[in-house]
Amino acid sequence: MKINLLIPTQFSFIFGFFFSVISMNAQNETYSSPVKQEIADTTFVNLKDYSKDFIYDMKYATEDNFLKAKVYDCAECVLRLKTVQALIAANKDFMKKGYKIKLYDCYRPLFIQKRMWEIVSNPEYVADPKKGSIHNRGGAVDISIVDANGKEVDMGTPFDFFGIKASHNYTKLSGKIKSNRAYLKKVMIANGFNSFDSEWWHYNLKTGLKDKVSNQKWDCE
Ligand SMILES: [Zn+2]
């Protein structure tokens, strides 16, 4: 810590400790690049700084989404560190079988949640911003998987399909589609996530449900 250089040695330990605690708390709600020191597992980080093994198709950084608007400045997957760790573990399991996770959405600022709610005010598909989605807490991801050729595995509907066909409980699908959805769900649950009944693509980190809603915009540099 730079400030230590200006403080006599006998005080630097105490001050160093004091300022470390402050900076750890501050990091909880701000974007942080990976550093050698240990950071809280609730710190927001960028997935790409921890793994290069993901495929990105961040729909809200394009106009190809139900809002018909590009609402993210850049196609980054920002999440709390613990979500990143669980996601990397799940991806390793998929990679053993020749698949990789494709990301559609990660952390989502609260103001985006409000715009979504204005368009689709149905809690089966969009979380009420008054309560906040786990996306707003940095603990949810919208994903599918791609095969070794980068081809998306058939899940029966596109991402953000607002209808019963997107539900885990919908059974009038081919055996292949049902087994693809079941495989995605099995690996994600084994790695600490919960599924969401009405959306085959949505997964919540079990330990992320009580984290604070956050309304930050991340660094697009
Ligand atoms: Zn989602």
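Positions of Cβ are set from backbone N, Cα and C atoms, glycine also.
Sequence annotations record features per position, and here TrEMBL assigns active site, proton donor/acceptor to Glu199. Feature annotation from TrEMBL assigns Zn(2+) binding site to His135, Asp142, His202. Annotation comment: TrEMBL describes Arg108 as site 'Transition state stabilizer'.
Location within the structure of each feature annotated in TrEMBL.
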{"residue": "Arg108", "record": "site 'Transition state stabilizer'", "DSSP class": "coil"}
{"residue": "His135", "record": "Zn(2+) binding site", "DSSP class": "helix"}
{"residue": "Asp142", "record": "Zn(2+) binding site", "DSSP class": "strand"}
{"residue": "Glu199", "record": "active site, proton donor/acceptor", "DSSP class": "strand"}
Any further residue of that chain within 8 Å (Cβ to the Cβ centroid of His135, Asp142, His202) of the recorded Zn(2+) site:
Tyr104, Asp105, Arg108, Ser133, Ile134, Ala140, Val141, Phe196, Glu199, Trp201, Tyr203
Entries of Arg108, Asp142, His202 (recorded positions) sitting next to ligand 1, with Cβ under 6 Å as the cut-off:
Asp142, His202
For the recorded positions listed here (Asp142, Glu199), which one has the lowest count of neighbouring CB atoms within 10 Å of its own CB?
Glu199
Pop the Cα-Cα gap between Glu199 (active site, proton donor/acceptor) and Asp142 (Zn(2+) binding site) into the table, whole Å please.
9
Nearest-integer angstrom distance between the alpha carbons (Cα) of Glu199 (active site, proton donor/acceptor) and His135 (Zn(2+) binding site):
14
To see if you understand the setup: which same-chain residues, six or more apart in sequence, place their Cβ under 8 Å from that of His135 (Zn(2+) binding site)?
Asp105, Cys106, Tyr107, Arg108, Gln113, Ala127, Asp142
Tell me the Cβ contacts of His202 (Zn(2+) binding site) under 8 Å, same chain only and six or more apart in sequence, or just say none.
Ala140, Val141, Asp142, Ser195, Phe196
Near Arg108 (site 'Transition state stabilizer'), how many other Cβ atoms are within 10 Å of its Cβ?
25
